[in-house]
Every structure is written in structure tokens, then in C-alpha cells.
Ligand code: ADP
Ligand code: MG
């Protein structure tokens, strides 16, 4: 993979600098798109030159128009084969993308764009496909359904777009994406757009992109976004202090690092006694239990993860609002690694550390390594913030049936958003394991979602679901 860290993108540059037709230029002006957004300025020249591309920029930065212009530029309207496919995580997002594509496609006559998402019957979609379409926008599962039934061929694809790639990975769509990508000609252009850059993106890019250029507009580790505070504690008040920090800062997602397994176990007990929903990850767990803990923490149905450094290695968690150092590490590099897990992308994060008098030597070593002096605060300043008990934003539903039953994430998403009519925006990560499927849903709609699964059908079959914890 050739890395092409964005130079300074010419934010505000005019679209006129791009090799686009007159009709398109006029249409852009009519839409009020006078200047390129930074991601457009950085990505469009690379895309129009035919490169595969990985583009990362925060939500609302104009990624849709960026890839839409790339897609439209390669289109031959006289050819009625499907020439571009845009994969999106949910129906809502697919509709938004199709809408933006249609606005931009007005420059040319007769460009046909179809959305193909689950939750609606296949037949009318198949009929529309039979009439010919230039661009299809949809969820990976539904595209796969059409391919399997022979109602969609991707043999004529020139551009494949993976939009909101991070979210598609969240929802467990890797295998479905792989299936769809395999149906496209090898000499296509592939464009990957994402708001964040979790490790999975690299894997995705390696599998499906060819010598991609990379355009990143937000650094993953941004030291300036990490707000570090130290609290002096006595050893006998340390574990209780973790609860005080949580009650005061109310981070939606926290990893509390301990130096030993024993400390993890003790902390977990104290937190549970204080009514905090926490889970622990340490070396004594069996792989199955470890996976379950990870599923719940990553899907935001558990707010606090208590872990040793070894257990947390390789965890790929986006959106961590806080890291708490329950113990100070001996190795300054480990400290930097721990706190680097917060303050990512466009979000600020807290790095809160507890230190007793006999740990001051270690704190000094970390200060020296980081070249800063830390800010000290007192435990007595901490007061519980309003809002009552801290509940995780999501709830995990466990459904009997998984890979062995050939359940795919899209089947579950379809069951919840289709007949049941729940909004895709309130459905979180979907994890399909061998015998179970786990789906995170917004706490607000958890009872409806549970009812929808138990009373409806998934893949045409009745299923059993329950809350994973309660
Ligand atoms: P993202 O996919 O990065 O989250 P969107 O593609 O949805 O963001 O774009 C956000 C908004 O910005 C949309 O309403 C879109 O119409 C608008 N937009 C995109 N490009 C431009 C531009 N060059 N000038 C003005 N508005 C733009
Ligand atoms: Mg987008």
C-alpha cells in the first residue's frame, strides 16, 4: 500500500480546477458547491486520475460528493450495464447517497440509479434491475441476494465504492463485502470512504484495493485531544476513586487499566458494588468469555472495561471517551500507549491517572519521557454529575442461531428495519458467531427490537432472542 499522507489540501479550491465537463461544472454551481471541501480537494484529483483510494474524514465533510463525482466521471450512459456499485451499511445511508448521486447526476440525461436494501421485497427490485441501471447503491447483504438469484450482475463494474467502511465493519459485513467485491472485475477502481480508521480498515483495503492512495484528514492519535489529569490517592482509596472519576466525568466508554489481574478482579468487585456496569478482561478468561466481553464493550452496551495491559493489547476500539490509569505503569511507553487509546479522530478524550505517594517516581519518569508537567487535581473536587445511574447507550440482544445457520448481519438488520420498521440508525454492531448472533440496539428501542426478533422471522425462520444481560 502506498501511503500518501495528505499534503496540505487546498481547502476552498474551486471545482473549476478539476477535469470535469461543462455541464457538471454548471450543475455544481447550481447546487451551491462553489468550493471543494478539504476531503474533496485532496481526494478528487487522485480519483479522477484513476487511483484506488482510501479516504478518511469526519462526518459531514462532503465524502459523498467526492466519490459521486468519481463514479459519475467514469460512467458511459449509453451502456446499460451496472457500472458502479456503492456499498453502504444501512438503508438510510444508502438513500442519502442515492439522493446526492441523483443531484449530481442531473448534469447528464438518463442516468439510472437504484437503491437495493433489505427490508423490502426482492421482486420489484429485480424488475427495476431488469430494466437496466447504471449505478446501484445498497447494503452488501441485499446486493448479495440479487447476485445469488441472478438478478444482478457486477461483471461490468468500473467503480466499487465502500462508503462508511468503519460502520460496515462494525456491523459485521466483512464477508458480505468480500462476496460482492469478488463479483466485480479485477481491473475496477475501488474507493473506500470512512469517518474513522480502525485497524479493520487496513485489512479491508489490503484485500480489495490495488495500490491505493491514502488521504487522511484526521490523525488518529492527536496528543492535543487528550486531556490528562492526575489525582493523588492513598492506596486504600484507589479503587473507590475510580467510581468517583466515572461518576464525575460520566464517560460513555472507558478502559480502566490495572497493573495486575488481582487488581482487575478487586476493582470489578468494587465497581459492581457501586452499581457500575463494568466487565473485565484479563488473562484468566477463556477465549469465549473474552469474546463476549469484547462484543459488549465494542458495541457500547458496557461502558467500563477493566483490563491489564496484556489483555488490552490489539483491542481495536474506536470512540473511547476516557482512559483511567488505576495504577501507574513502570514503563513510560506503556503509559503513552494506554492514553493514546482516547482522543481519537474528532473527539477529545480524558486520560485520568491515580497515583499514590510511592508511585511519584514513576510519574516523574513519564513526565520526563513526555516532556510535560502533569496537571494535578484533588479527589475532593470530584462530585457526581447529574443524570442518575450511568447506563450504557446500547443494549445487547442475543439470538440463537449464527454462522452454522448461515445467518448474516444483513438478515438481522433486515428483520429489525423491515417489517418491524425500526430505524437503522438505532441499530448498532451485529456480531455473528458460530451458534449465536449478537445485535446492539439503542436502549430506547430494546424492548421493541426484542419483540420484533421473537415475534418476527429472520431469514424466513422463527428465532429466539433474549437480553444478553439483565
Ligand atoms: P460525509 O459523507 O462526509 O459525512 P456528506 O457527503 O453527507 O458528508 O456531506 C455533508 C453535506 O455537505 C451535504 O449536505 C452536502 O450536500 C454538502 N456538501 C458536500 N460538498 C459540498 C461542497 N463542495 N460545497 C458545499 N456543500 C457541500
Ligand atoms: Mg457519508
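Using the three backbone atoms N, Cα and C, a Cβ is placed for every residue, glycine included.
Because TrEMBL annotations are produced automatically, they should be read as predictions rather than curated entries.
The domain 'DEAD-box RNA helicase Q' annotation in TrEMBL covers 13-41. The domain 'Helicase ATP-binding' annotation in TrEMBL covers 44-215. The feature domain 'Helicase C-terminal' is assigned by TrEMBL to 225-390. Annotation source TrEMBL lists motif 'Q motif' at 13-41.
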Task: Sequence-remote partners of the motif 'Q motif' (13-41) [C-beta within less than 8 Å, at least six residues beyond its ends] - done: 48, 55, 57, 61-63, 65-66, 69, 72-73, 103-104, 106-108, 215, 217
TODO: Take every residue in the domain 'DEAD-box RNA helicase Q' (13-41), average their pLDDT values, and give the whole-number result.
DONE: 92
- [ ] Would you mind splitting the motif 'Q motif' (13-41) into helix, strand and coil residue counts from DSSP?
- [x] 16 helix, 2 strand, 11 coil
